[in-house]
Amino acid sequence: MKFKNYEVHQNENVVSVFPSRIRKLHTTRSWDILRMPQTLKRNHQIESNIIVGVLDSGIYMDAPSFNDNGLGPPPSKWKGRCQVAGNFTGCNNKVIGAVFYNNDPATRHPNPSPQDEEGHGSHTSSTIAGASIAGASLYGLAQGTARGGVPSARIAMYKVCWPKGCSDIDLLAAMDDAIDDGVDVLSISISGESNSFFDNSFAIGSFHAMKKGIFTACSAGNSGPDLYTVQNTAPWIMTVGASGLDRQFLTPVKVGNGIETTGLSINTFSPNKKMYPLTTAAIAANSTLSKDSTPWFCDEGSLDREKVNGKIVLCQGGARLSYIKSLGGIGAIVSLQKKRDTSFISAIPATYVDSIFGDKILAYVNSTKFPQAVIYKSKTAPNAAAPFLASFSSRGPAMLSRTLLKPDVVAPGVNILAAYTKLSSMTGTLGDDRFDVYTLMSGTSMSCPHVAGAVAYIKTFHPNWSPSAIKSALMTTASELRIKATVAELGYGAGQIDPVSALHPGLIYDMSKFDYIRFLCEEGYSGTTLRLFTEDNTDCASVPNIGGHDSLNYPSMYYQFQNPNTSINIVFHRTVTNVGLKNSIYKATVKAPRNLKVSVIPNVLAFSQLNEKKSFNVTIQGPPLLLQTNQITHLSASLEWSDTKHRVRSPIFITLAQQM
């Protein structure tokens, strides 16, 4: 289906017209965390034939991560192109394709080209397939070898994102081209809300990619920890949340009375003096500020230039660092009630500290005539909580369907070192003179390319596996996170990916396009709306019904109650395919709370050959949720099949729908 040629007029070939929305970008140690060291066994020749298509903000070819040393010409299957325009001079044997799409007046750029002026696209691309570069760091922080998950694979950049956003018109055109160009994997660290799959550019484009055997990974969004915020939730998409690394960046701070602590930030500045003048937002407040406003957030217009100039400012609850810098402020200490789990690059020396220490600083400033402080350069420190679910990572339940547990998995997305562009400073703020080819970024935008890289790696060993087979392998071998909250699965799905274990999952939950069509039929799609996905006259009557709650052969099981007084009595139908040992016997193990009865029939599956399929039912019964202990609204369980050599785990999650 050629999306880019659609016109708005009466034409029987046009099955859908919907307004183009403007979407947003979701913004070295990580591959080691995922048990993929540099010494990992690889099929280098096959890996060099893998092409990963990235829809993003462009690519900066001068970054070392994109050198093509040792790579031959592009794979013969490649049908894409390299668009030389503006200040973009061309591709190489690593970045074999680069094109831009800028058709929406709302995002129109005066001088469009595939060049990455923001750094986001370079960061995601190098995380997937960047060359191995020793000695990479951000001003000495996170020093080590920067590398992608598949360093020999090829990159095709489809620039669809501009300073004003990413348009549906461009997204659909780019996905259309990527399918024709011969990519094997699509990585899309972009999201946006839709009312249905029918008017969702990601869902439509990725469905057609799936039919061609192309795997699509998408970021879940950065609107956590609120529930009902996850995006990109079509079942044929792998929706990726963000987890944290075992590394964090701490910034020491010391005040004049000797009190010192460490806060979270990425501060590349080293102090030239032992101490600097210190003030507070309250003391430095703008005299024109209304009585109803507070200066403590250090927002635009809240502070007086003369009182800030040349000083470190103590703020509370937040701070606009670029604003403090514009007033001549030389640093900021931000006191926070809630603990942060993510560091960000600061435009001036800054650190985010616990409110207990912030209160001590405030008392010190109010007790002396000439308060002073100093903020030191950040240092790397271990984080024993890893892997943990990042607070910003969007959570389910999914808004577009009540039958899917989303996100599917999580991958590292906190403080990831990867390629950047020298066309933008580290923070993009006026006066920031730090430019580098590497940077640290956080977001589900960073976790999504880790899954894309893992998928590409798996494809080098299993080139004939379908997208759903690879998704199943990554989900059923994923690891639960160390710190588990009450609604953990709504944040991390099946858990953190383990690409090496996914090479040998034992059993897979496979699906074809007809399984997804059945899902769409159950969701109420039919007629012309269904044609948007099928491209033919397939109707719901022609798709056999497998029964069960979700009509899908999904690796996870999810049920959302609308009525808290309804008893739990649901059935899931599943079929697994043997990809482990020829002769094997798998036994089912269920973990569930005492007030939930989970039955698996049959609970033993005996296989005598590879690719043999076996079906089973999972029945879940229990009293109404509000009759459970302590007014529980969420119940977590799991099903695990094992032949003693393979562990095939599926999360089971039951929740009570909230009134939105």
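Every residue, even glycine, has its Cβ placed from backbone N, Cα and C.
Here is what TrEMBL records for this protein:
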ACT_SITE  ASP56  active site, charge relay system
ACT_SITE  HIS120  active site, charge relay system
ACT_SITE  SER445  active site, charge relay system
DOMAIN    48-493  domain 'Peptidase S8/S53'
DOMAIN    552-654  domain 'Subtilisin-like protease fibronectin type-III'
REGION    102-126  region 'Disordered'
Checklist entry - If you average the pLDDT over the domain 'Subtilisin-like protease fibronectin type-III' (552-654), what number do you get? => result 92
Next on the checklist: What does the structure give for the C-alpha distance between HIS120 (active site, charge relay system) and ASP56 (active site, charge relay system)? Integer Å is fine.
Outcome noted: 7
Checklist outcome for this item: Around the Cβ of HIS120 (active site, charge relay system), other Cβ atoms found within 10 Å total 25
Checklist entry - CB neighbours of ASP56 (active site, charge relay system) within 10 A? => result 28
Next on the checklist: For a three-state summary based on DSSP, what are the helix, strand and coil counts in the domain 'Subtilisin-like protease fibronectin type-III' (552-654)?
Outcome noted: 6 helix, 60 strand, 37 coil
Checklist entry - Taking the Cβ of SER445 (active site, charge relay system) as the centre, how many other Cβ atoms fall within a 10 Å radius? => result 30
Checklist entry - ASP56 (active site, charge relay system) to SER445 (active site, charge relay system): how many Å between their Cα atoms? => result 10
Item to check | Residue distribution over DSSP helix, strand and coil in the region 'Disordered' (102-126) | outcome: 10 helix, 1 strand, 14 coil
